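Below: the structure, in structure tokens.
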């Protein structure tokens, strides 16, 4: 037994979750102290400060600007809320239908029998009936979906609450604007990490009331939680991604290239839809996505542990090791956040990116100490882990290394992503330089950069897989994935900071603020672009480890001793699985293209038919553009979603467990590569464009200014990269882990009734 008692574990996990929620609310309170309203509500000290800052703003009345910011913020918030409500309405129906499928499939394993039966892994023990597993898995699935939707919605709410506040703070100083944007991101990060942990902890304890000593059945049914989280994330990511990119591409192509007006010019009819898209895609979608990874890695680790000595000896503290790691992560991230918001104040634009990078490093170092502490106190000095039918003897320091290597691999991946997507380094500068000879060379250089950026992350993943598997079999890989996600609160704060800053820049432009304010918000946004790429990198790499751990759990549950690549049943699965990411990408890219086509036509129509629009004397019809994005994304998210959800069911039912094992391996291996290269290529093109626009170096000034041929070539590259980095790239990580968790949930059904085609032949 470990040194930590069960009662102490029962107190510490919910306590950490509540601390996380409390800290999120505190950050939200601090952000809310920035007022967004005109007239008398502005306190006098703030008003004086604004007048002093705005001396150069040619007689623009301070109250008018603040009122304009409030109006724009309201429009963005309403657009995002109505889109999410409509999306969740459709997804609610999907969750009920799919929940019924889970219940019917798993219930039919033992013909809906209510008799207790021998356990799957420990035959001498008696476990609860399969019908109970079907019922509780369905409940866990619905809980996971609900938590995922809530995570995305809360994140979106705080982001739309904070964007105008960040704009107004930018008038005081760059440091104040940074703190506001970062605090808002932290609200989302901590709420998500703490809610995920709390709901999982409460679910386990409630399920335990029924399952009692049947830990194998209990943790098998809990895997539904991960499936629910990822199912919502898939549709949120794809739907949000199509929405944001349709608007972005439409706004860029007509506004910047054809009409030569700034990115967020209020005359552009697609500008509100573009800002709404940042929130529904990059905030709500990303939140659901990382929550899904967190839920699945926890479920995979808990399932493997339940069939190991922790489960058979009923060692609750050791069993809860994955949850205690997450609890420690919340505390570590809390300390780390104070470094960014309270200990170091940003005074210059050049300090923004280093400050965000420092967050990653500080949280990783502190977390390593935290992992050592947790591993020593909660785990017995020696125990056995289930390893494909045999038992592997593992020591507690082995698990310390497994979690740590996942954590540090995450840092390596974060820094590599930053190197390939930040305009501070040569790869992006080379892409910008290639714009001198037109869009074609820009596209060639960008694609080459994306392919090259895959190398180091794959080696980092390979090293972490080899070490963790050698030390603690599949459990090692599951906790390595958890290690990578243990600092999720900081990762998400950094990630959400990006779209909030992007929106803040848009609001500054639309409210007619002067050039110096816009320069500050642009600097915040450029750093945010890189951090968003780092966030996507984390999501993709953690998905690789998570899906491998789930793959191991699936193989164990389906009763496969070895997966033989040379067996024809497995090989056909392997080659079809490797094709799936391409099929999925084709669907999502085409969806963005067709939605963007409608948007471009609408924006052109408005510029051509509304008199006085270009002169700024008439208002564009923003609502029609918002509607185009909403309708297109809700319609277009269904086919890619159906592809991912139905493939494992069809493969397992008709071709059997071995073919499905091949399918999962193939999709994992090809999906990770395609996702990393797509995400980094898009990020690099975006920052190459921003590098030319900012004109901060001598080299950048030779390529600019805005409207030059090189700049137009950069805009085209950025437009091509938009669906790569914000739709297909980030959605692919959900494809690989969702198929794996779905296969694990349905494994009992596939093992009993699967392979219909081969049985008939």
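Indices start at 1 and increase along the chain as displayed.
Here the Cβ of each residue, glycine as well, is placed from N, Cα and C on the backbone.
Looking up the ranges 443-467, 518-542, 593-617 in TrEMBL, the one annotated as transmembrane segment turns out to be 443-467.
Looking up the ranges 300-318, 547-565, 566-584 in TrEMBL, the one annotated as transmembrane segment turns out to be 566-584. Among the ranges 253-274, 275-296, 319-340, the stretch that TrEMBL annotates as transmembrane segment is 319-340. Transmembrane segment is the annotation TrEMBL gives to one range among 49-75, 130-156, and that range is 130-156. A Cβ distance under 8 Å defines the sequence-distant neighbours of the transmembrane segment (319-340), meaning residues of its chain 6+ beyond its ends; these are 4, 9, 12-13, 15-17, 19-20, 23, 27, 179, 182, 186, 189-190, 193-194, 196-197, 200-201, 215, 294, 297-298, 301-302, 305-306, 310-311, 355-356, 358-359, 362-363, 366-367, 370-371, 373-375, 378-379, 399, 403, 478-479, 482-483, 485-490, 493. Of the two recorded stretches, the transmembrane segment (360-377) does not lie close to the transmembrane segment (12-31), with fewer than three CB pairs under 8 Å once pairs fewer than 6 apart in sequence are set aside. In summary, the transmembrane segment (473-494) does not lie against the transmembrane segment (643-665): fewer than three C-beta pairs, each 6 or more positions apart in sequence, are under 8 Å.
Residues 158, 161-162, 165, 180, 183-184, 186-191, 193-195, 197-198, 201-202, 320, 323-324, 326-328, 330-331, 334, 337, 341, 489 of the same chain, all 6+ positions outside the transmembrane segment (12-31), place their C-beta atoms under 8 angstroms from a C-beta of that stretch. With a threshold of 8 Å between CB atoms, the same-chain residues lying at least 6 positions outside the transmembrane segment (177-204) that come near it are 13-14, 16-21, 23-25, 27-28, 30-31, 34, 140, 143, 147, 150-151, 154-155, 158-159, 161-162, 165-167, 169-170, 218-219, 222, 225, 229, 283, 287, 290-291, 294-295, 298, 302, 323, 326-327, 329-330, 333-334, 337, 340-341, 345-346, 352, 355, 488-497, 500-501, 504, 520-521, 524, 528.
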